[in-house]
Amino acid sequence: MTDVLLEMRGITKTFPGVKALEDVTITVRRGEIHAICGENGAGKSTLMKVLSGVYPHGSYTGEIVFDGQPVRFGGIRDSEAQGVVIIHQELALVPYLSIAENIFLGNEKRGRGGLIDWNLANAEAAKLLAEVGLDENPVAPVITLGVGKQQLVEIAKALSKEVKLLILDEPTAALNDVDSAHLLDLLRRLRDRGITCIMISHKLNEITAIADSTTVIRDGRTVETIEMKSKDAALDTPSQNATQARIIRGMVGRDIDSFYPDRESTPGEEVLRIEDWTVWHPTQDRKVVDGAALNVRAGEVVGIAGLMGAGRTELAMSVFGRSYGRDISGRIFMRGKEVRARTVAEAIGNGIAYATEDRKRYGLNLIADVCRNISAAALGKLSRGGWVNGNEEVKVAEQSRRDMNIKTSTVMATVGTLSGGNQQKVVLSKWLFADPDVLILDEPTRGIDVGAKFEIYTIINKLVAQGKAVIVISSELPELLGMCDRVYTLSAGRITGELPVREATQESLMALMTKEKELAG
Amino acid sequence: MTATKPPETQESGGASAAALHTGTSDPRTLLMRNLRQSGIYVAFVVIVGLFAILTDGVSLSPGNITNIVLQYSYILVLAIGMVILIIGGHIDLSVGSVVALTGAVSAVLVIQQGLPWWVGVVAALAVGLAVGAWHGFWVAYIGMPAFIVTLAGMLLFRGLTLQVLDNISLSPFPAEYQKVANGFLNGLIGGQGYDAFTLLIGGIAVAGFAISGYRTRTARINYQQSVESFPLFVLRVLLVGAVVMYFAWQLAHARGLPIVLIILAVLVLIYGMVTRRTVFGRQVYAIGGNLSAAQLSGVKVKQVNFWMFVNMGFLAGLAGVIYSSRSNGAQPAAGNMFELDAIAAAFIGGAAVAGGVGTVVGAMVGGLIMAVMSNGMQLMGIDQSVQSVIKGLVLLFAVAFDIYNKRRVGNR
C-alpha cells in the first residue's frame, strides 16, 4: 500500500494580487480514498483545477508526478487521457439527453462510418450503471432522475473513461443521508477495485467514516496529512471525535470549544401559524405538501427535518408568497390573525422572510454589488416617492458589513467574488434589513466552511434574542439538534412528528423522517 | 450626455478618513479599474479625433456637428428605451416598425385630415404607448420571450404601417411639425455672428453639472463615503465643461440650439436618474441580474417588465415623431433597421447580453460612436458597403472587448 499514485510537489498558483496556493504538497497512494479538507477559499478547488489541467501547465509552479511519470497537463482532455477524472459539485449533465448519451458525451461509441452505435452505447451504459448500482434504463433522460442518481451517472461516466484517479468535489453536499450512504458505499467498492479517489468534503463524519488519509489545507498551504487509523473501527467514536477535532483545528487554525453557540431559550407568544397547508406539484399530479400544520413563537428556533423530496423547501416557498406549486390551500396566521400572502411582496409585508437554500440561483444578484443586494428586499425603506437614497443605502450596507462581519474590502464589491460564507451573510443581511417577524432559513449553512457556520449560528441566536422567530430547514441533523428549540419532521409532504429538542436524537428524528415511506411501502 | 460616472477614490484626509480604504488616487489603478467604464469614452475620443484628422477637420465643423445631432437623434431616443430593456434581460426588435407606424398615424391625421400638428404628436405617442402595452402584456403576463413577441411585432406593425398609409408616402408636414426635428432655438438674445442663447444654455448646463456634482460629493462625504480627491473633481468638471462649451460654441456658430437636442438632453437626464436612483430602475437591474432572486426579494416582476415595454413604446412613438418631422413625411419603409442601430448602441455602450449591466449614458456614447463613424465615412465618400462592414466589425469588437474584460475580472 505504499505505492504512490500521485504526488503534487511545491504547487504555487497566483492570481493577479492573490496567492491562491503556496508550496502545496500532497501525496496520494494508489487505491486509497484521500480526503481534502479546508475552509472555503482555502484553495481546494484551485488545487484540483491545477491537477485536472483546468489551469494548464505553465500557469502554476511546482511539479506533478502521476503514476510514476512527471506530467504536464495542457487541458482537461490531457488529464482525462491519463485517467484523472474530476466530478464537480455542480453536476455537468445535460438534462434532456439520456443517461447513455450523457455517459458517452464527448467520447461517443462510434460504429461503422463514424456514426454512433446506439445499441453498443446503451449496452455499455447498462453495464456501467450496474457497476455503480443504479437500476435505471440507459435511455431515460437524466432530468427524470433525482440528484443522488445523477451523481451516480456522473460516476458511471467517469468509469467509462477508464479512470485511475477519481476526484469528487463535495459529492454529498446535495444528497440526503440515504443517498450519501449509498454513494460512500460505492466509493468503498471502487477503492476495492483499485480506483484511487480524492474527495473534497465539508462533512467530517463522512471523512472519518471513509477516508484512508486526509490532507488539510488552510490559506493556500498544506497544514498536515492525517492517517485515519480508525477507519475500520466505526464504533471507535472517541478516536473519531478526536480526529474530527484535529481536522477542524487544522482547517480554522483554532479550537472551537462548542460548535453550536449557547443560547437561552425563552419563547414568547406565537408569531406564525400555518394550518392545513396543501400544495400541489406545479406540473405533476401529486401533492408535495399535504395538510401540514406548524407554528413558531417569538424568540424560538424551530427546525424542519426531512429527507430530500420530503417537501421542506416546497413548504417554505409556498408559504412565502406562493413562490412554489399550484392549487395551494391552507391558512397563515401572523400573531393570531389570518393574513394574505399570495405574492412575495405580501408575504414580506406581513413580516415573513425566506432565505433560499440555493443562494447563487435564487438568493443573490451575483453581478451586482453587496450594497444593492442587501437593499433589494426592502428598497421601500430607503426611498421616498420612488427615489432611492443611495447614501443611506450605502450606510445600511456598511452597517451590515460590520454587524455580520462580511469579509469584503468594500460594499461596492461584486457579490459573485465573495466566498460562500460571505455570500450567505449578504443574503441574511438582506432579510434582516427587511426586518421580518419570522425568518425561514433554508439550509443556511450549506456549502460554507466551519468558521462561517459558527458565525451564522451566532447571528441566528442574536435574532431570536431580539424576539424574532426563526425556522431552520436543514439536512444536517446535528445542526438542527444543536440550534433548535423544537423540530418538526416532514416526510412525503406530511408532518410526521414534532419533538422538543431535548427529547430528540438523530435516531428518533430519522425514524420520524422515514415513517411515512415505510407505511406507504 | 455629460454625466460620466466618477471613479471612486479616497478623500485624502478629512471627513472620510475613518471610512473605507478602497479608493486610490493613482491614475493608473483608476484607469485599470474603470477600464470597462472609461474604455468607451476613450474609444469615443479616439474615433472623434481620427475622423477629425481624416476629414481635415470637416467632421468637427459647426455645420457638421449640427447635422450629426439632427441625423441620429431618433436612434439615441430609441437607444434609451432599448438599453433599459436589455438591462432587464429583454430586447425589442420592433422599434423600427413602430417608428414607421407612429409616424404614419401622425401623418394621416395631420397631412390627410388636416388636424393641428400637436394632434399628430399626441396620437403618435399614444400609439407608441399602446404598442408598448401590447408587447408588455405578452412578455410580462403571458410569459413569452421578448425576442419572439417583438419579432412578431416587427412584422405586425410594419404591416399596419402599410395599411395606414395605403402603401403611399405622405408629405409635407406643416412648418410647426417640422420644427420638432429641424427647428432651432436661436436669436433669442442676439449675438454677433453666433447665437448667444446657445452659449447661455451651454453655460447653464455646465454650471448645473458642477453644482449637482458638488452636492453629490458633499452628501457622500457627510455619509463618510469615499469620494475622488478635490483636484480630481475640479479637473473632471473642467474637462466636461470644456467639451460642452466647445460643442455649444460650434452649434452657436452654425444654426443655434436644435430643439431635438433639448429633447434628447432632457430624456438623458431623466432616464439617467430613473435607472440609477429610482426603485423602478433598481428593480430593472435586479430582474436582469437574477430573475429568480428578484422575484424572491418581492420585486413585482410582471409589472416592472410590463412598464419597461410601455416605456419603450413611448420612446419609439417619440422617435416616430422626430423621424417623420425630420423626413417631413411618412413612408411605408421608414425606420427600417433602426432596431439594430439602437441595439448596437446599447451593446457598444457596455450593456451585457445576459442582462443586468448597462447604463443610459453608455448607450448614448455607443450611439454617438456609431453616428460619428457613419457621418465621418460619409464625409470621406466611403462606399455604403464598406461602411456597413466597418460598423459590423466595430460592434463585434466592442462586445468581444467587453467579454474579454469580464473574463479577466471573473478569473480573479
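The backbone N, Cα and C atoms fix where each Cβ goes, glycine too.
The compositional bias 'Polar residues' annotation in TrEMBL covers B:1-13.
The region 'Disordered' annotation in TrEMBL covers B:1-21.
Look at TrEMBL and you will find B:38-59 (among others) tagged as transmembrane segment.
Residues annotated as transmembrane segment in TrEMBL: B:65-86 (among others).
The transmembrane segment annotation in TrEMBL covers B:93-111 (among others).
Positions annotated as transmembrane segment by TrEMBL: B:117-139 (among others).
Below 8 angstroms of C-beta separation, residues 85, 90-94, 96-98, 100-101, 104-105, 107-108, 131, 134-135, 138-139, 309, 330-332, 334, 339 of the same chain, each at least six residues beyond the ends of the transmembrane segment (B:146-165), sit close to that stretch. TrEMBL lists B:146-165 (among others) with the feature transmembrane segment.
Long-range contacts of the transmembrane segment (B:196-214) within its own chain (CB-CB distance under 8 A, at least 6 residues past either end) are made by residues 2-3, 6, 185-190, 233, 236-237, 240-241, 244-245, 247-249, 251-252, 256-257, 262, 265. The feature transmembrane segment is assigned by TrEMBL to B:196-214 (among others).
What TrEMBL records for B:226-249 (among others) is transmembrane segment.
Here TrEMBL flags B:255-274 (among others) as transmembrane segment. Listed as Cβ neighbours of the transmembrane segment (B:255-274) (distance under 8 Å, sequence separation of 6 or more from its ends, same chain) are residues 1, 3, 63, 66, 69-70, 73, 76-77, 80, 84, 179-181, 183-187, 195, 197-198, 201, 205, 248, 280-281, 315, 318, 322, 359-361, 364.
Among the features that TrEMBL reports, transmembrane segment is placed at B:304-323 (among others).
The transmembrane segment annotation in TrEMBL covers B:343-373 (among others).
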Contact call for the transmembrane segment (B:343-373) and the transmembrane segment (B:226-249): at least 3 Cβ pairs under 8 Å, seq gap 6+: no
Long-range Cβ neighbours of the transmembrane segment (B:93-111) (under 8 Å; 6 or more residues past either end): 74, 78, 81-82, 117, 119-121, 123-125, 127-128, 131, 135, 147, 150-151, 153-158, 160-161, 164-165, 170-174, 177, 312-313, 316-317, 319-321, 323-324, 329-340, 342
Dominant neighbour of the transmembrane segment (B:304-323) in B:38-59, B:65-86, B:117-139, B:226-249, by Cβ pairs under 8 Å: B:117-139
